[in-house]
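Engineer: Handing you a structure now.
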Amino acid sequence: MALILKKSWEAYQLLFEELPDPRMKNLPLLAKPYEVITLLTLYLMFVLKWGPKWMEKRPPFNIDKVLIIYNLLQVLACSYLFVASAYVWGWKYKWICEPVDFSYNDDAIFVTRLTYLYFILKLLDLMDTVFFVLRKKFNQVSFLHLYHHTGMVLLVWGANTYIPGGHGTFIGVINSFVHSVMYFYYFLTVVNPSYKQSIWWKKHITQLQILQFFWCVVHMGIIVFKPDCEYPRWTSAVFLPQDLFMLVLFVDFYIKTYIKKPKAKLEDQNDSNGKYVANGSTIAETAIDSNSIEDSKKVLINNENSISYTLEDKCEFEQLSNAILKVRKLGALNKPNNDKKMKEDKFKNGNHK
């Protein structure tokens, strides 16, 4: 047991005292793993257990003013990080392979400060979930959301601790651009809630995220096939599975939300343009044109596919036939042809009012 404890302590000293970049190890929340692990544990406990329980009998908080400030801060910080990082990549770095500069020159120190700012922003992103809980939007606290936020914090923590710079920082460039667009959209939805209904924004932001993870896979995959690259190749074993998994999750989300769901909704509308109520009945939502069908006062379609019409005045067969065709055209009634034939036979036999 003593030997195991000794070896464990030596491993800890190696991993978290000797190997971390000396320029970064003394910065808050870096190098010491227990700090970030404790923070993430408290985060997950709050958004999954403590927060929902605390909000159970409380109304949602109105934090619109806080969200406006928060989203604007995110937009400004992400935009600055994107512009500054893009400058480094445009003028200083090589796109195919860029080793980490561990020196203390001005450019190298500037890059370490950018990577640390990126880490702080990933921690700040955790507030997204906290705000969901405070507003009782528990459905948005999904596995994809939690996995993405916790995974990014851990990966960026590792990059800051051991390799703050070089080839991997391009991921932060792309991510900062995507987040500046995303938080600008969130800002708009608070200022003008009608933007929440904009499928255009949601769809294209999801497309941006898919492109982001696709390019991250390509970018980190380059060093796998470039053995002479001085950037640590082991990072691909860490980042590639994460990026591939996130790519699969976002593609799956996109297909279900923007491809399959609209198609299913269209098919449902073709089957019935009504809405289901507690007893299983379907009440047609589309209004009947009263000018063209004056004597049709009520249409009720129940789950047994039975149809009853209440007519105030006597009507000819042609009038009722036109009424049925009109209702079907509007989408309020879409029943098999045999239902219509049964009604026609009923009127032909003189069994109508």
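Every residue gets a Cβ built from N, Cα and C, even glycine.
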Engineer: Quick test of your reading of TrEMBL: among 38-55, 146-163, where does it put transmembrane segment?
Structural biologist: 146-163
Engineer: Short question: which residues 6 or more past the ends of the transmembrane segment (146-163) have a Cβ under 8 Å from it?
Structural biologist: 19-21, 24-25, 27, 29-31, 36, 40, 43-44, 47-48, 100, 115-116, 118-119, 122-123, 125-126, 128-129, 169, 172, 231-232, 235, 238-239, 242, 246, 249
Engineer: Please indicate, using numbers and ranges, the residues of the same chain that are 6 or more beyond the transmembrane segment (208-225) and have a C-beta under 8 Å from a C-beta there.
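Structural biologist: For the transmembrane segment (208-225), the nonlocal Cβ contacts are 96-97, 167-168, 170-171, 174-175, 178, 181-182, 231, 233, 235-236, 239-240, 243-244, 246-247, 250-251, 254.
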Engineer: Would you mind listing the long-range same-chain contacts of the transmembrane segment (68-90), meaning Cβ under 8 Å and 6+ residues beyond its ends?
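Structural biologist: For the transmembrane segment (68-90), the list is 107, 110-111, 114, 117-118, 121, 124, 127, 131, 169-170, 172-173, 176-177, 179-180, 183-184, 186-187, 190-191.
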